[in-house]
Each structure stands twice: as C-alpha cells, then as structure tokens.
C-alpha cells in the first residue's frame, strides 16, 4: 500500500512542469532567470518544511496527549493528521488557482483589442517557423533533454551517496557522522541554496547566460565532488569546515546547471508548447531520478566491499562514477550535442 500510494501521488503530481512554464510566461525576458529561481526556492522550502511538518504532526496522541486522545481517530490512525494537513494545503492551492489568470488565450479578439507584447527574439523565430509544430522536430529543445536528465541523475545519486558515505564508519572510507550531523550539513546547504537562488543567481545568468553558466557550474561540480574522498584524512573543525563548504558550493553549482538548462528548454519552444515541453522533460528527468537511488545503493554496497583495492579504493570509485555522470551531462552542453537556436540572444 505504501508503494502504491507513493506511485499514485507521483503520477498525479503534475505541478512542477506547468509552474515552470507559467513562471516564464508571466515574467519579462530579463526576469526569466529570477522567475525560475523563485520556483526552485519555493520547491526547496517545501522540501524543508514538508518533512518537518509530517514529523511534528505524526502520532499526535503520543506527542500531544493533552490535545489528542488515544481513543480518538487520531489515536487509532497515528498518521491521519499529517495526511489531513497536506490535503488541506492542496485544497487551498486548488482554490487559489481559480483566480490565477491564464497566460494563453485562445478566444478570438478584435485586432484593436489585442495588446502587443514584446516577444523574445528566440521565441519570435520559433513562432514564425512552421517546422516547430512538433516538439520531436525541435532539435534545440530535444538536445537539452540529455543534459537535463544526466544532471537530475547526478543530483539524486549524489544526495543518496552523501548521506550513506557520511554516516559510514571510517574503516569503510566514511566519516562516522551521526544522522544529526549529516542533517545539519544538508540544512546549511539548503539554506545557502535558497539565498543564492533568490539574490545571486539572476546576476550569474545576466553575466554568463544559461549555456556558459551551466558549463562552468558543471565543471566546478566535478572539482568539488573530487575533494570528498580526501576529507577522510581530516577531523574536527577542519572536517566540518571542509564538508559544509563543499556541500554548500556543490548545491549552488548544481542548481545553476539545472536552471540554465531549464531556461534553454523554455526559450526553445513556442508559448503554446511550453506546458507540454516541461511535462515531457520533467517526466524524463523523473525516470532518471527514479533509477538513481537504486544505482547509488548498489554502487555504495560494492564500494564498501572493495575499500582495500590498490587502484581506486571503494570510496574513491563512488565519487569517480558520480563525476563521470556529471561529465556526460557537461559534454552534452557543447556542440554538436547541444543545438542552439539560430536567432535569439537568450540561448547563445
């Protein structure tokens, strides 16, 4: 039932794709990067607040006996309260969507009543191009899919391996951290990510653009992840400083790369195709994110059994494979793999 429920929840979760498309369409061209950053920030807040909310509300009869009786429905069903709370939040979102203005209007209007809005040069070129009717023929959009999926695969596998590696014993190449220690690392990394996305990222995008920023961030990610195996030689304050710094920097470069690719995807399609394009790309990335924990788990189990290897001990092999996945994503941000639109500064 747990697996079936999780499957149904994932199958019906179609929010992220239209939200990204909506953020692009309601923002002016110079604010597209900030719009996607706000989406990622809101998503990050949810990832932080959601588990905490579930933990506080679960088993209320045991935690708050003065409010919830053990004979009540909350005592007989200890996880009913967090489910109700989440459902109420979803209902509030559903009701609030009633007042959200649609960004694509298909009704006919007199020419004099149409407000002309300045379009992106790249978007205008696609509006005028008849061969872009099908997304499968849109090579600029199709070419971004590979990097997008590899970045998603790497990000999920990294998150899985980081926790396992940090709590592993030092004789297996780990850090012997407690769950509270690694939780603190992830919390600080998440907080720095929220600040970066809201304040700094749009300036990075302004000066470097989506392609260059994705390439630079991907290359920096490889360098940062390469330092992790050598942290086992540190201890105390030096280890904490190195791990916290690496985790924060790696979170920043990861979101920079994925946001840059997402901007390329949204600029490479027409307005009436953005919802579909984001849906397909999110589905493809979700498939790679689904296989990432399985692959990471097998890789980490193998690594712990080969920690004494003379050529690339187990812990070093784990991070080497992670870097190879990131390298593949980086390769596909260069020509001939990445096809840029012939017109438009936003994708150059």
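Placed from the backbone N, Cα and C atoms, the Cβ positions cover glycine too.
Those TrEMBL annotations? Automatic predictions, nothing curated.
What TrEMBL lists as domain 'Major facilitator superfamily (MFS) profile' is 1-341.
The transmembrane segment annotation in TrEMBL covers 33-58 (among others).
Here TrEMBL flags 79-101 (among others) as transmembrane segment. Residues 22, 50, 53-54, 57-60, 68, 73 of the same chain lie 6+ residues outside the transmembrane segment (79-101) yet bring a C-beta within less than 8 angstroms of a C-beta in it.
The transmembrane segment annotation in TrEMBL covers 182-204 (among others). Within its own chain, the transmembrane segment (182-204) is flanked in space by residues 31, 33-34, 37-38, 40-41, 44-45, 47-48, 162-163, 166-167, 213, 243-244, 247-248, 250-252, 255-256, 259, which lie at least six positions past its ends and keep a Cβ under 8 Å from the stretch.
As annotated by TrEMBL, transmembrane segment applies to 216-235 (among others). Sequence-distant neighbours of the transmembrane segment (216-235) (same chain, 6+ residues past either end, Cβ-Cβ under 8 Å): 151, 154, 158, 165, 170, 173-175, 208, 242-243, 246, 249-250, 252-254, 256-257, 260, 313, 315-316, 319, 322-323, 326-327, 329-330, 333.
The transmembrane segment annotation in TrEMBL covers 241-264 (among others). Packing against the transmembrane segment (241-264) from elsewhere in the chain are residues 20, 32-33, 36-37, 40, 140, 144, 147-148, 151-152, 154-155, 158, 162, 166, 175, 185-186, 188-190, 192-193, 196-197, 201, 204-205, 209-211, 213-214, 216-218, 220-221, 224-225, 227-228, 231, 234, 281, 329, 333, 346-347: each is 6 or more residues past its ends and has a CB under 8 Å from a CB in it.
Per TrEMBL, transmembrane segment is recorded for 276-300 (among others).
Here the transmembrane segment (320-340) has Cβ contacts under 8 Å with residues 139-140, 142-144, 146-147, 150-151, 153-154, 157-158, 161, 211, 214-215, 218-219, 221-222, 225-226, 257, 261, 299, 312, 347-348 of the same chain, all six or more residues outside its ends. The transmembrane segment annotation in TrEMBL covers 320-340 (among others).
Sequence-distant contacts of the transmembrane segment (33-58), counting only residues of its own chain at least 6 positions beyond either end whose CB sits under 8 Å from a CB of the stretch, comprise 16, 19-20, 23-24, 26-27, 78-79, 81-82, 85-86, 187, 190, 193-194, 197-198, 201-202, 205-206, 210, 255, 259, 262-263, 266.
If you average pLDDT over the domain 'Major facilitator superfamily (MFS) profile' (1-341) in this model, you get 82.
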